[in-house]
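Straight from TrEMBL, the features:
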type	residues	note
COILED	268-295	coiled coil
COILED	357-423	coiled coil
DOMAIN	32-110	domain 'Polysaccharide chain length determinant N-terminal'
DOMAIN	435-512	domain 'Tyrosine-protein kinase G-rich'
TRANSMEM	31-50	transmembrane segment
TRANSMEM	491-511	transmembrane segment
Amino acid sequence: MQQINSNRRRPQQPEEQVDLLALIKQRYLPYWPLFLLAVIIAVTGAFVYLRYATPVYYVSATLLVKDEKTGMDEGDILQSLNLTGSKKVIENEIEILKSRTLARSVVRNLDLFAEVSVKGQIRDIVVYKGSPVRFNFLEPDSIKPDAFKVMPMIYDSAHNCVLLNNKVYPLYDTVSTEWGKVVVTPKPGHPVDVTGKEYTVRIAGEKILSGMIQSSLQVTPTTKAGTIITLGYSDVDPRRGEDILNELIRVYNTASIEDKNRTAANTMSFVDERLRVVTQELNQVENQVASFKKREGIVDISAQSQLFLESVTENDRKISEAGMQLSVLDSIESYVTGRQPGEAMVPATLGLSDPVLLELISKLSEIELQLQRMKKTTGENSPLLESLYRQEAQLKPSILQNIRNLRANLQASRTKLMAENERYAGILSGVPAKEKAFLEVSRQQEIKNNIYTFLLQKREETAVASAAAVSDSRIVDAAEAYGAPVSPKKMMVLGIAVLGGLAVVALFITLRDLMKREITSREEIEKATPAPILAEIVQDNNKESVVIGDGRRSFVAEQFRTLRTALSYIGVSVNGAVNGNGALNGGHHKTLLTTSSISGEGKSFISLNLAVSLSLVKKKVALLEFDLRKPQISRMLQISREPGISNYLVGQSELANILQPVPGNEYLFVLPAGVIPPNPTELILNGQLEQLIAQLKARFDYVIIDTAPVGLVTDARLLAPYADATLYVIRHQVTPKLYLKQINELYQNKELGNMNIVFNGLQPRGVAGYGNGYGYGYGYIEQGKGARRKQFLKGIFNI
């Protein structure tokens with residue numbers, strides 16, 4: 001118990017900052033066994049969880065995405081031919097790797113529709129490679145995308161069948177099911193001692209499985225400036241995780257090669273079409289040459305004619321090339337102006353040599369490829385798609401302008417070459433008629449032959465490029481699982497368990513305190529009123545009315561002795577004492593009034609034991625049982641209640657008749673309540689009380705008046721003028737908090753003179769027998785082993 005406060009009035013101070021350490025020590029530390037128990041339970045639960053939780057393994061792989069900044073790969077002939085090639089955008093490649101399309105391809109390629117697990121007592125264990133059978137779905141499209149079903153399975157190798165959901169499925173037979181046609185086959189090399197072993201089979205649709213792959217997949221760039229991508233995948237079976245990641249990379253690379261081959265195929269188609277036309281024309285010309293030679297008998301031509309033929313042939317080749325380039329420009333212009341965004345493929349640029357136009361078309365081709373990929377993985381309103389559409393729209397004007405410029409140059413060049421051919425034709429007029437006719441036929445043959453040779457060359461180059469096409473990515477590290485599972489993390493789970501156990505108990509204690517309607521601490525009193533707290537009295541579990549006496553050294557007895565000493569600090573003393581203002585109190589200050597807010601707060605207990613304590617120092621004490629409605633002192637002392645105070649006040653008895661000595665205590669006398677009157681208030685006001693108090697003051701050293709609760713009736717206010725000091729009793733966990741406002745008003749308005757508070761019935765906080773009190777207690781209570789054991793058990797749920 002804290003030492004007694006001074007009787008100086010304590011001004012109401014502003015709220016101080018919360019001392020966290022003191023708060024923990026006062027509020028939570030007394031419950032350390034409960035915290036320890038909660039932590040033990042939580043940690044035990046954590047170990048059980050770690051023992052039976054399904055471990056999750058992490059699989060990682062590293063992929064290098066090639067970029068034009070890093071230089072061309074030696075084998076990438078398509079890029080060297082300017083048929084494909086562009087700068088890769090890492091963000092787009094990451095989205096492609098995480099796409100729904102690739103995930104669904106992985107599901108189909110690995111046939112992941114059925115997952116087999118060994119049935120366990122606590123949890124099922126997935127067996128990927130260790131499954132005794134394999135389910136082959138012949139019609140994957142028959143499985144509903146959102147299908148999901150878990151069924152028990154028993155493998156019976158003796159009868160070559162599996163029992164699936166109580167239905168027999170023979171091995172190797174094609175069985176029609178709700179998931180289409182299925183063939184169940186045993187896995188080679190699997191031990192045969194699994195007969196009768198229980199399994200579970202989970203069959204899921206493509207939509208669910210691809211979603212599971214996407215949710216378990218992490219794709220991140222290793223560095224911001226680099227083009228290396230790290231792929232991570234979490235799975236309960238590390239080998240399945242490795243297969244899924246490797247297959248995902250393979251499907252991604254295959255898609256990249258297919259994009260390149262699609263461009264090459266577009267070029268090949270154009271070349272083949274031109275070859276078909278040119279071959280027909282070449283055959284016709286060669287037939288004409290052969291017929292002319294046979295008919296006219298011409299074997300050779302003169303030197304002048306040969307020079308003419310070579311010059312004209314070269315010009316004709318250039319004119320033909322210009323015509324083919326103009327045809328390609330027309331195709332590109334028609335493509336750019338007459339299509340919807342993101343549709344079809346950019347036409348071949350065969351024969352074009354303008355670097356600016358080729359670069360623009362290359363960029364357009366890359367955008368088209370990205371659009372085709374992104375449309376499979378994102379919605380139409382995706383910001384990435386909108387960005388690509390904007391880039392495509394910005395390229396079109398530049399491409400069209402370059403086409404117009406290049407067309408004008410080609411047409412001018414062709415006109416010039418045709419003019420030169422006309423000049424050569426004038427020179428040809430001097431050549432004999434037969435030789436002139438032969439030159440015309442030979443000229444056409446040479447033109448068609450050059451075109452044919454050029455187309456064959458481009459066709460072979462395209463074929464070689466298509467065959468040598470490589471992916472735009474390279475595997476740096478193949479998929480590999482970490483040796484130890486990444487989940488559950490042992491230290492994290494144990495840490496959460498410890499913190500969770502502490503938090504649950506702390507929350508329980510905090511909520512319990514917040515939900516309490518009764519006063520539970522001295523701090524609550526001090527915050528509500530500046531009235532001095534004169535003493536704290538702990539809860540006495542011995543159920544005795546009198547707890548103090550000669551030779552009794554219990555803690556509660558010592559507290560009443562301290563309370564007796566404290567009376568001098570509030571000016572109550574037969575010998576006089578220095579009061580709070582420094583003045584000497586006279587010996588006539590000897591009357592005490594005890595009251596409380598409600599019944600059951602222990603005011604009669606306080607009055608009786610304080611009276612006994614004063615009598616132990618040989619002071620004559622008169623104890624008045626003035627709670628005329630519900631008297632308790634006569635019952636506690638087991639003395640007669642009649643005649644008493646009520647009899648004296650109505651004039652039926654004299655003081656000598658109602659003054660009863662307490663057996664065994666020559667210094668203590670009790671004035672019992674007497675007959676319970678119907679009108680206690682009127683009795684107090686009938687004028688006899690003043691004479692009674694005067695007589696008692698004359699004969700006794702101390703007069704203690706135990707009156708009714710002030711919160712219920714007005715008796716205490718009527719008796720207050722006759723008292724030198726008031727002891728207002730508040731009981732721990734009994735007095736409602738709502739009465740603190742009334743207590744403060746009584747003190748501030750001085751309705752009860754020299755008012756001081758006695759905090760009664762304090763119980764040790766926590767679960768230990770030596771727990772701290774709710775007030776400023778010493779921290780120990782003298783108890784026997786049995787009492788401490790009882791206190792421990794009671795304190796666990798002490799609310």
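Here the Cβ of each residue, glycine as well, is placed from N, Cα and C on the backbone.
Keep in mind the model is a prediction, meaning the values are calculated, not measured.
Same-chain residues lying 6+ beyond the ends of the transmembrane segment (31-50) with a Cβ under 8 Å from its Cβ atoms: 488, 490, 493-494, 496-498, 500-502, 504-506, 509, 765-768, 792, 796. Summarised by DSSP class, the composition of the domain 'Tyrosine-protein kinase G-rich' (435-512) is 56 helix, 10 strand, 12 coil. Looking only at the coiled coil (357-423), the predicted model's pLDDT averages out at 77.
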